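These features come from TrEMBL:
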- B:Asp53: active site, nucleophile (ACT_SITE)
- B:Tyr111: substrate binding site (BINDING)
- B:8-105: domain 'Pseudouridine synthase I TruA alpha/beta' (DOMAIN)
- B:144-248: domain 'Pseudouridine synthase I TruA alpha/beta' (DOMAIN)
2 protein chains.
Amino acid sequence: MTTYKITMAYDGTNYHGFARQPHLATIQGTVERALLKMSKGLPVEVVGSGRTDAGVHALGQVISFNYPGNISADKMVKALNSLMPLDILFKQATIVPADFNARFDTVSKIYEYRVSLDYYTDPFDRLYTGHYSYSIDLDLIKIALQDVVGVHDFTSFEASGGVIKDKVREIYQAEVVPLSDKHQIIFLFHGNGFLYNMVRIMVAVLLEIGSGRRAVHDFRRLYQVKDRQQARWTAPASGLYLKQVFYDN
Amino acid sequence: MTTYKITMAYDGTNYHGFARQPHLATIQGTVERALLKMSKGLPVEVVGSGRTDAGVHALGQVISFNYPGNISADKMVKALNSLMPLDILFKQATIVPADFNARFDTVSKIYEYRVSLDYYTDPFDRLYTGHYSYSIDLDLIKIALQDVVGVHDFTSFEASGGVIKDKVREIYQAEVVPLSDKHQIIFLFHGNGFLYNMVRIMVAVLLEIGSGRRAVHDFRRLYQVKDRQQARWTAPASGLYLKQVFYDN
């Protein structure tokens with residue numbers, strides 16, 4: 001038995017999210033089916049650093065699993081890629097101690113959210129950005145992002161369906177960057193954990209701040225009221241990317 | 001009756017090409033169905049500057065049609081966009097003389113072809129590039145591109161299925177540009193006309209020249225032999241973009 005930790009990218013468009021579901025195409029299910037082929041029928045359970053929703057993408061998702069065999073990390077990457085559809089790509093593997101768990105050993109994560117600001121979305125970006133057609137003031141968003149950094153109770157920013165009781169998370173870094181060649185902006189959030197739909201709800205609030213629909217310091221109020229209804233809408237899955245997952249050493 | 005000339009972009013992934021086909025999703029069919037709705041049932045025939053194959057994209061396809069009504073060019077763009085799926089976008093319309101024909105009045109066209117050179121294709125580029133995993137020498141390709149420019153008989157570069165007798169075309173410009181942020185190259189071809197699959201066959205030959213599988217001046221030989229078999233493979237549709245179509249005035 002060998003334990004592998006693997007970094008992977010996927011275009012989430014055609015999947016019902018990361019988590020295995022009967023009769024639906026999922027990332028976990030697709031990987032587990034490939035491993036079942038490689039192991040000649042011995043089931044292998046894949047653990048992801050976290051779930052991603054339907055349509056959400058990954059640039060650097062991390063998974064771990066125990067494999068009933070002993071092949072090199074590079075060969076594991078090659079074998080898995082040869083069994084994957086083209087919208088899933090394994091990038092790098094390492095062999096890790098048997099007690100490593102990609103979910104529970106996660107220290108922090110970076111999520112990216114891409115927003116297209118054109119009146120109409122470019123057809124080539126429709127699956128890879130969220131769309132917001134109101135004009136925005138980036139400086140207002142940058143001021144609001146200062147309220148995001150730090151330790152906060154994010155109850156207002158969790159969609160129903162979340163099961164974790166503790167709603168306090170620390171955000172180390174929150175940035176927005178305009179693209180030079182396209183009418184798009186990219187948000188980056190680095191934090192020790194994220195509640196269900198938290199990034200997508202935060203982005204929606206930030207865009208409303210940018211377009212003048214909300215007060216610039218509305219985050220401070222939303223932390224206090226702990227009411228998801230007041231955060232209103234959720235930015236679409238298509239703009240969200242799990243970019244990087246950090247572990248100790 | 002008003003005649004419109006409209007520039008449009010589309011992601012060709014989910015279409016069986018430009019040309020209308022019964023029971024299949026096509027660009028022409030989708031646009032004609034929208035116009036039929038707008039005209040309250042009077043059929044409108046859409047003319048494209050040329051057909052694009054299944055999976056081929058457009059950044060600047062041009063269409064024309066006679067519409068039984070008289071709305072401004074801007075309103076026509078808005079009305080059509082409101083009826084289109086998100087993978088088709090109308091960019092700009094002008095009202096033109098009734099004898100304008102987007103196909104027969106075409107003076108020249110620019111095609112672009114994007115090639116991903118990574119060992120594995122990035123999942124996010126799989127539908128938007130051709131893939132070539134051999135290492136290439138860009139200088140060899142640049143030398144070969146000098147043989148592409150000019151007036152040549154392109155018989156060797158036409159897939160079966162082409163119906164036009166005259167195989168002589170003039171290429172005004174043929175370039176290759178490496179992308180700075182990705183391991184990709186982009187070909188650009190500006191010419192007065194292109195035979196069926198001509199760009200995709202030329203790109204395949206150019207990549208084989210770049211990887212040392214063909215002599216650098218093999219184009220000169222292929223013009224002489226007039227034999228499509230000797231040009232061998234065809235680069236995939238996913239990398240091809242109809243970028244711009246030129247008309248007089």
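Any Cβ shown, glycine's included, is placed from N, Cα and C.
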DSSP on the domain 'Pseudouridine synthase I TruA alpha/beta' (B:144-248): how many residues come out helix, how many strand, how many coil?
36 helix, 31 strand, 38 coil
Here the 10 Å Cβ neighbour count for B:Asp53 (active site, nucleophile) comes out at 17
Please report the three-state DSSP label of B:Asp53 (active site, nucleophile).
coil
Same-chain residues at least 6 apart in sequence with Cβ under 8 Å of the Cβ of B:Tyr111 (substrate binding site), in sequence order, are B:Leu188, B:Phe189, B:Phe194, B:Val199, B:Leu240, B:Tyr241, B:Leu242, B:Lys243
